[in-house]
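To keep things clear, I will list the structure first and then write my remarks on it.
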Amino acid sequence: MASVKPPRERSVEDSSTSASKALLLLSAIAGLGLYHLLQLDGIQQELRILLAGLAATLTGSAEAKQALPHDKPEFGRDVSVFGVLAIVMFFINWGVRLALVEPLVLQALNFKKSQLVKVSQSVMEVGFYGGFAIIGLAIVPSQTWIWPSKNWWIDNQTGSHLSMRSDLRCYYIMYCSRYFQAAVSVLLESKRKDFAEMMLHHVVTIGVVYVSYFGGYNRVGVVVMALLDPADVPLHLAKLCKYTAETTKRGIWQFVADRLFELFAVMFFISRLVMYSYVCWSSHIEHQAYGEHTFTSYSCITLLYTLLALQMYWFGLIIKVAVKLARGQPGEDPRSEDEAEADESPRKKLQ
């Protein structure tokens, strides 16, 4: 007699099948879009210029960085480049994850299906956040205007701030592309408790990048971009250690996970609350000494404060986990829980 699977298990499998079909359809559409975009006049040449600038910053001398070409944003050209990079990152995210990460992880440790998906997600997040954190820390501090913060606004009257080095434009467009593909990928993942907040975060971040890039607030935009990524690296490393602890039953992995979470909490507080709050202040208050606010600047400021509100909300959740750690209980990012898990075991919310 054939076994009958529990309703929840059938529901998970049905959801996984639907997501796989959606992924295949999106991949086919994205492939056609990529081919079309690469045929547009000047796009391949622009990609070579931007990527060469990025390579020079990561591997070249200070003189090579300063010799990079400058250019102003151009809507049609830059949106086309954005489309190419967003599709490429979508393929990298899902291709590497399904073809490389999941098989290797499954071979190394016999994770359950639900854990395998989470582990592969975290591995890719470590790669993306870590890679962009390195790129941001290589590019942004090397800009001649980076400090003091009045330099973010002092050239507004002349318009010279609109011209950006090729490495900076590459970082900008790549960053927006990454967040766009992340927003699409969230729709294909298992729905989590903070799905609405996470989607809002992605949309608002894309809005900040778009408005600051085309609206002349690029100097603030790249500072924000550089601040957002580093803290998430220890967070996802902590998740990987926690999943390993659950599978191997070895306490050392949980110990490392808890210490990484503590590092994440400290980095989050410094970069996303203290330093990011200063950026909001400069955009709102310091900016007024060098020019009146416009509709574009108010739009950017509104988006920046929306992001700050999200950071404060998430830090409140982090504090709850920190309290558990102080009491000797295991900690975990409370944002990571799937809705299905929450329904199945309410007591596992922060364990």
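Glycine residues also receive a Cβ, built from the backbone N, Cα and C atoms like all the rest.
Here is what TrEMBL says about this protein:
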{"type": "DOMAIN", "residues": "111-327", "note": "domain 'TLC'"}
{"type": "REGION", "residues": "329-351", "note": "region 'Disordered'"}
{"type": "TRANSMEM", "residues": "21-38", "note": "transmembrane segment"}
{"type": "TRANSMEM", "residues": "81-105", "note": "transmembrane segment"}
{"type": "TRANSMEM", "residues": "126-147", "note": "transmembrane segment"}
{"type": "TRANSMEM", "residues": "195-214", "note": "transmembrane segment"}
{"type": "TRANSMEM", "residues": "259-279", "note": "transmembrane segment"}
{"type": "TRANSMEM", "residues": "295-319", "note": "transmembrane segment"}
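Among the stretches 81-105, 126-147, 259-279, 295-319, the one making the largest number of Cβ pairs under 8 Å with the transmembrane segment (195-214) is 295-319. When Cβ-Cβ distances below 8 Å are used as the criterion, the transmembrane segment (295-319) is approached by residues 197, 200-201, 204-205, 207-208, 211-212, 215-217, 220, 224, 264-265, 268-269, 272-273, 276-277, 279-280, 283-284, 287, 333-335 of the same chain, each at least six residues removed from its ends. For the domain 'TLC' (111-327), the mean pLDDT of the prediction comes to 91.
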